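Everything below concerns the one structure shown next.
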């Protein structure tokens, strides 16, 4: 028996030595970090670019859209897809990042983007002629390593060159799906290496002859469904009225796929025409949900102070009192463990709250850019 143990130990040493030699050769050929033991990986947790809305950040789980990943936002027409993407661009720019917008639909409204907080002078915009050109431009921008977020609007408008050159009525089966599949194979590695967030906006179509289940599907084949780390389904659920006039939409966003946090969370928020997503409206909704804001009849109260009678008055009050709304947003983030509070335990959260009260200002809810990222 003892000789067998010695042989096993010797064989184990030989295998370990062979593995170390193989790993050394791999690192020599492909660079340091090409292979490692998972326990040796000291990368920080997944960083995020804030969506600009606390309800959406809570639904996404990590405080925003993940950096270095593919995100798909889809829904019916005029449901708020581009609005959500433009708010994310505005937040990235506010944190010192560089943003790009590939406008395949040729429908970007600079005035509306500016109203949402986008720095249109600094925003990189491309209006490509073909789908190949759009994805090639996106790939080159991502590989530059200088872009923090890139939005492609929309996948349905990425028309293959063969379809543009052909005659109306010609059949081009599967061209767009092949185009997306090839592009995403190339892009995903570059996105991870550069920490760029790629948001693909997509449209809905209906499958013919579906008897059971939803007939709805998205364009561009199945590749985007697989490569996306986050998929968001966005829908209008109600019209917001001021008297007889419709002033906006109540919107529901459901995270139907999430590889960085638990999926199937839902965010509801208001989109006001000409203004975008109402930050104050979401603060009121989540404030009531967490118990920080008390609602008695139609009155909203915070720490004994009345915010207003009715949601519109309370929204207006918070809009005119930025410090109070920032304080409330910070307390909600702490309560729901969003953004900088995501990984904290309860006692750490309370300690951070105490430190913050000493400094007498709320912490930045979108601190997901390192100094290196901002440069």
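Each residue, glycine too, has its Cβ placed from N, Cα and C.
Within the same chain, the residues at least 6 positions away from residue 80 (ATP binding site) whose Cβ sits under 8 Å from its Cβ are 234, 236, 249, 251, 271, 277, listed in sequence order. Reduced to three states, the DSSP call for residue 80 (ATP binding site) is coil. The ATP binding site annotation in Swiss-Prot covers 75, 76, 77, 78, 79, 80, 81, 82.
The annotation region 'Disordered' is assigned in Swiss-Prot to 339-375.
The feature compositional bias 'Acidic residues' is assigned by Swiss-Prot to 348-358.
Around residue 81 (ATP binding site), the C-beta neighbours below 8 angstroms that are at least 6 residues distant in the chain are 73, 74, 75, 153, 154, 201, 202, 234. In this structure, the binding-site residues under consideration are 78, 79, 82, and the one with the smallest number of other Cβ atoms within 10 Å of its Cβ is 78.
In sequence order, 234, 236 are the same-chain residues whose CB sits within 8 A of the CB centroid of 75, 76, 77, 78, 79, 80, 81, 82, the residues recorded for ATP being left out. Shown are the binding-site residues 75, 76; the one with the most C-beta atoms within 10 angstroms of its own C-beta is 75.
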